[in-house]
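J.: Take a look at what TrEMBL says about it:
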{"type": "BINDING", "residues": "Cys3, Cys6, Cys22, His25", "note": "Zn(2+) 1 binding site"}
{"type": "BINDING", "residues": "Ala53, Leu54, Ser55, Asp59, Ile84, Gly160, Asp165", "note": "ATP binding site"}
{"type": "BINDING", "residues": "Cys273, Cys276, Cys284, Cys287", "note": "Zn(2+) 2 binding site"}
{"type": "DOMAIN", "residues": "2-26", "note": "domain '2-thiouridine synthetase TtuA-like N-terminal LIM'"}
{"type": "DOMAIN", "residues": "49-220", "note": "domain 'tRNA(Ile)-lysidine/2-thiocytidine synthase N-terminal'"}
Amino acid sequence: MKCSKCRQDAVLFQRYSGLHLCEDHFTIDLETKVKKTIRKEGWIKSGDKIAVALSGGKDSTALLYFLTKTFGIRRDVEIAAVTIDEGISGYRSTQICKSIAEQAGVEFHTASFKEHFGITLDEIVQKKGDINSCSYCGVLRRQLLNRTARDAGATKIAYGFNLDDEAQSVMMNVLRGDAETLLRKQKPVEGMLPRIKPFKTIPEREVALYARLQTTGYEERGCPYSYNALRADVRGILNQYNYGHPATKYALLNLGEKFKSGIPADSTGAETCATCGEPVFGSCRVCGILKELKGE
Ligand code: SF4
Ligand code: ZN
């Protein structure tokens, strides 16, 4: 297949856009979307020091590459890498992360569960079993990551989460009936660095392709404790459903964000439609439909 935009061979077919893209046009497409997300969210400003949460996997390695490529030339923005060593034997290698950071030419900071909490994740699993390993790990890592990035002078933490991760999280919260997590808006807390997710609109397979084309040396192995059953099920369901309905993952991402932003002020209570005089939430859907039917 040839690229829809030039004569080169395509490396990707995007079902949701109908486009075949070559390496060059795929790279432009992905980077343009990520820049747009960053701009729209106001995520990177002059004076920022962005700490990339570097796990050494494809997503965070690709994110570090993208951010240094895009912002590395700016003198008013700094990029750094932070790696947390949870103490999972045969998996987390700070050495791999260190060399990825060196390749990207950024500062590298690291901290370990053992040295800060006095226990490794392997030891926690020995004590508690592996059923809740991710809950313990996530809570501890989040705090240590924040502390390490803050001590390094960072102003924000960047995560490599992609569209699939975000859509899965929303769906999981729905399936658990976890209204609290869906609705709770994170308030800014003194000392807690804001989190940014530049790849949140990019499908996992595209981030993986970007990582493969642009970077080397990332870790392909997964965490030995990462068999979260619900996430694996949701991933399967979403991928299957998304095949016939390619906008599903975006819809879930948007749904999650709408929940989090709370109910906008102009639709908190019933108002009256200026055209039909009926009570409405926000804009009047009846009048919208009538207008559409009349072909206006
Ligand atoms: Fe920790 Fe779970 Fe991630 Fe493994 S998969 S590093 S246990 S959060
Ligand atoms: Zn092309």
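Glycine is no exception: its Cβ is also placed from the backbone N, Cα and C atoms.
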J.: Calculate the distance in Å between the alpha carbons (Cα) of Asp165 (ATP binding site) and His25 (Zn(2+) 1 binding site), and round it to a whole number.
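T.: Counting only the Cα atoms, the answer is 24 Å.
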J.: CB neighbours of Cys3 (Zn(2+) 1 binding site) within 10 A?
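T.: Here the count is 19.
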J.: Given the model, what does the mean pLDDT over the domain '2-thiouridine synthetase TtuA-like N-terminal LIM' (2-26) come out as?
T.: 96
J.: Count the Cβ atoms, other than its own, that fall within 10 Å of the Cβ of Cys22 (Zn(2+) 1 binding site), considering every protein chain shown.
T.: 20
J.: Going through the binding-site residues Cys22, His25, Ala53, Gly160 in sequence order, which have a CB under 6 Å from an atom of ligand 2?
T.: Cys22, His25
J.: Please report the distance from the Cα of Asp59 (ATP binding site) to the Cα of Cys287 (Zn(2+) 2 binding site), rounded to the nearest angstrom.
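T.: Cα to Cα, Asp59 (ATP binding site) and Cys287 (Zn(2+) 2 binding site) are separated by 45 Å.
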J.: Using DSSP, break the domain '2-thiouridine synthetase TtuA-like N-terminal LIM' (2-26) down into helix, strand and coil residues and give each count.
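T.: So the counts come to 4 helix, 8 strand, 13 coil.
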J.: If you count other C-beta atoms within 10 angstroms, which of the binding-site residues Cys6, Ala53, Leu54, Ile84, Cys287 is the most crowded?
T.: Leu54
J.: Please report the distance from the Cα of Cys3 (Zn(2+) 1 binding site) to the Cα of Gly160 (ATP binding site), rounded to the nearest angstrom.
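T.: Between the alpha carbons of Cys3 (Zn(2+) 1 binding site) and Gly160 (ATP binding site) there are 27 Å.
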